[in-house]
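Q: Quick one: this structure, given as structure tokens, is what I'll be asking you about.
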Amino acid sequence: MSDNQADLIVHARWIAPVTPDSGVLENHSLVVIDGRIADILPTPLAREKWQADDPQTLDSHLLIPGLVNAHTHAAMNLLRGIADDLPLMTWLEKHIWPAEGQFVSDSFVYDGTLLAAAEMIRSGTTTFADMYFFPASAARATVEAGLRASLFCPVLDFPTPMGGGPEDYLRLATDAMDQWRHEPRIQIGFGPHAPYTVSDEPLEKVLTLAEELDVPVMMHVHETAGEIQMAVGNTGERPLTRLKELGLLSPRLLAVHMTQLTDDEIALVAETGTQVVHCPESNLKLASGFAPIEKLRQAGVNVALGTDGAASNNDLDMIGEARTAAFLAKGVSLQADALPAAEVLKMATLNGAVALGRDSEIGSLEIGKQADMVAVDLNRIETQPVYDPVAQLVYAASRDQVTHSWVAGRCLLANRQLTTLNEALLLKNAQQWQQQIAGAEQRD
Ligand SMILES: CSC[C@H]1O[C@@H](n2cnc3c(O)ncnc32)[C@H](O)[C@@H]1O
Ligand SMILES: [Zn+2]
């Protein structure tokens, strides 16, 4: 027996490390020490070289890097189904913003983020990028769930339950950065909502602070044709031109949606190294348009994948989102080879980590990186037989096939059981919020 003691060993039927030249490894094992990947090697060798108290043998499973949901509004899980089948601005102005104005609070965000965390863990996400109110409550929920998050603090021109205006929002954001700077699983950034809700002066302050503090910035950009028409009507300029003039286009910016792009704008996004986050299901459901993903990729832009919030998607299922992204890219480009399965898996993992500036730690399964990974059982009627495990994951598997999840080597899902969260309590809280919110809607 070997004297190389590991904290965790996973013997997997397949491992997709999402590294440039490794493809899919068959009958390999992944070894974890102190939360990091210490070794990846053929299982017979691993059995000789390493030992662990409770090795996991997952002999019909594909092990992948934890999925990185690069854009969501986690607490909006409590608003799932409140307003459907509407275009963006009607949805926001007539339903979502009034509901948020009435109900969003510290406890709403804490309970909503915990509910979302459970859904994310059960569907293979280990890191999420969130843009929502009361980020300190979201951070508390994230730490309790054991997930990793990049929390983008809102900045808007107008008052909300969280603050009276830009000065408040900027102060709250820098306070949150200070408060969470010692928690390695939490990253805090700035989240100016959109070009149509944030004026030039606060955007200039966001840029100065983001550069000074070296943090990322996330913004909804070019989500609909209406957004462009409104900006051109009011200022004569398209929003992306304005952001360029303000100096915001850079690798620090995660531009979410980007469904309306000219070829020149695609070149500009590529030149400036701006990150794009694609949310195909939200764009489809709100009838916002289609992001030209294949053109962006061909231009060398890093494209990550996000679900957006559960009130516009209506789920936080990154496996489903990956399938939609692949099909949509093929449909929009009329090229069947657009966004192949391995590329879309990279978009859902490593590209998200790159967009968040966290790829030295997460996004792929490599020695030295954090042991953030999930196992998907392919031994189901729906995914047998297996010729290509990554194609099976993207084109045929469902999120309920995610059996195990680990963040920094800590198990958050074991045989589909949540280990950090109390499912019964989450359900009870969700139902209580529904009664309160639906009751108020009836009285209005
Ligand atoms: C400033 S906190 C986030 C803010 O964004 C709203 N929101 C959710 N989804 C979208 C979307 O697709 N486009 C624009 N704004 C969105 C959310 O309700 C919060 O108010
Ligand atoms: Zn959004």
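Just so it is clear, glycine is given a Cβ too, placed from its N, Cα and C backbone atoms.
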Q: According to TrEMBL, His71, His73, Asp308 bind Zn(2+); which one of His182, His220, His404 is listed for that same site?
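A: Only hit among His182, His220, His404 in TrEMBL's Zn(2+) site, alongside His71, His73, Asp308: His220.
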Q: Check TrEMBL: it lists Glu100, His193, Asp308 as binding substrate. Then name which of Glu223, Glu265, Glu271, Glu343 it lists for that same site.
A: Glu223
Q: CB neighbours of Asp308 (Zn(2+) binding site) within 10 A?
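A: For Asp308 (Zn(2+) binding site), the count of other Cβ atoms within 10 Å is 29.
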Q: Of Glu100, His193, Asp308, listed as binding-site residues, which ones have a Cβ less than 6 Å away from ligand 2?
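A: Among the binding-site residues listed, those whose Cβ sits under 6 Å from ligand 2 are Asp308.
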Q: Secondary structure at His193 (substrate binding site) (DSSP, helix/strand/coil)?
A: coil
Q: Might you list, by sequence position, any residue in that chain lying six or more from His220 (Zn(2+) binding site) with a Cβ less than 8 Å away from its Cβ?
A: His193, Ala194, Val256, His257
